[in-house]
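Note sheet for the following structure.
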Amino acid sequence: MRLILLGPPGVGKGTQASAIVKKYNIPHISTGDIFRSNIKEGTELGKKAKEYMDKGLLVPDELVVSIVQDRLTKEDCVQGFLLDGFPRTINQAEALDKELTKMGIKLDKVVNIDADKEILIERAIGRRICKTCGSSYHIKFNPPKVENLCDIDNGELFQRDDDIEETVATRIEVYLNQTQPLIDYYKEKGIILNVDGTRPIDEVFETIVKALGDK
Ligand code: AP5
Ligand code: ZN
């Protein structure tokens, strides 16, 4: 299964991605996660990406595309993959198409999750992430059993630097201007699957699995 998860910031892409990759046994390729781990390790890429991410802006295409191209040629992508947060511009989508054509493969579906701005802001601001394992929680919608501690490994939970209201609002604007046009791009290719992201986490997942099939 070769999938893209499309949708505005905070809609639940990462949450659904974790469940989808487990179900279909495919690697989860999140460009946001790749940048955050580079920031943590203090790499040159991380330093450059942080300048844009902290402002809620997109990292320039030339920094993103080559990372994904390299990742897709790794052995674990042979049986499929889930791209989460990539592509985010028409330019990125065209570069991906070229790469896939070169590899002789095609996308199966683009899962487009959507919700209203108020919901996105509430979800992003309330998100908390485990310092140890990266699991994602929400203070209201998906709280850990013990406040501020991860259920899996007791790791401390933290808030992402770009999850403050002002930056979330910028990220939503950037999404509307630069990423939303991709919905039509993939609609024309006949592979878009629209999913109502306002439903609870389990229901959103059920809808996706029903549409993608059980295997
Ligand atoms: P990225 O990491 O991709 O962030 P994003 O797209 O803004 O998405 P989020 O991670 O904020 O949200 P999500 O949809 O994954 O929601 P989640 O499941 O966590 O990108 C960050 C930055 O990196 C960008 O701003 C940009 O600078 C850069 N970048 C990355 N890729 C790039 C690219 N290709 N090109 C250029 N720049 C790039 O859920 C959010 C919260 O809601 C959680 O707390 C969760 O528990 C809760 N929740 C989830 N689903 C539900 C539900 N159904 N009901 C109730 N609560 C829910
Ligand atoms: Zn944890």
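Glycine residues also receive a Cβ, built from the backbone N, Cα and C atoms like all the rest.
Per TrEMBL, the features are as follows:
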type	residues	note
BINDING	G10, V11, G12, K13, G14, T15, R127, S136, Y137, R199	ATP binding site
BINDING	T31, R36, L57, L58, V59, G85, F86, P87, R88, Q92, R160, R171	AMP binding site
BINDING	C130, C133, C150, D153	Zn(2+) binding site
DOMAIN	127-162	domain 'Adenylate kinase active site lid'
REGION	30-59	region 'NMP'
REGION	126-163	region 'LID'
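Nearest in space to R88 (AMP binding site), taking C-alpha to C-alpha distance over the binding-site residues G14, C130, C133, D153, is G14.
Sequence-distant neighbours of L57 (AMP binding site): residues of the same chain at least 6 apart with a C-beta under 8 Å from its C-beta are T170, V174. Annotation: Y137 are the binding-site residues among G14, V59, F86, R127, Y137, R160 whose CA atoms are within 10 angstroms of the CA of C150 (Zn(2+) binding site).
Proximity of the binding-site residues V59, C130, C133, C150, D153, R160 to ligand 1, judged by a Cβ distance under 6 angstroms to any of its atoms, singles out V59 in sequence order.
Confidence across the region 'NMP' (30-59), taken as the mean pLDDT and rounded to a whole number, stands at 96.
Every protein chain shown contributes to the tally, and the Cβ of T31 (AMP binding site) ends up with 23 other Cβ atoms within 10 Å. Using CA atoms as reference points, the binding-site residues G14, R127, C130, D153 were checked against F86 (AMP binding site), and the closest is G14. Ranking the binding-site residues G10, G12, G14 by other CB atoms within 10 A of the CB puts G14 at the bottom. Here G14 (ATP binding site) is positioned 14 angstrom away from C133 (Zn(2+) binding site), judged by their C-alpha atoms. C130 (Zn(2+) binding site) counts 20 other C-beta atoms within 10 Å of its own C-beta, drawing on all protein chains shown. Separating the Cα atoms of T31 (AMP binding site) and G14 (ATP binding site) is a whole-number distance of 11 Å. When the CA atoms are compared, the binding-site residues lying within 10 A of C130 (Zn(2+) binding site) are Y137, out of the candidates G10, G12, G14, V59, Y137. When secondary structure is read from DSSP and collapsed to three states, G14 (ATP binding site) falls in the helix class.
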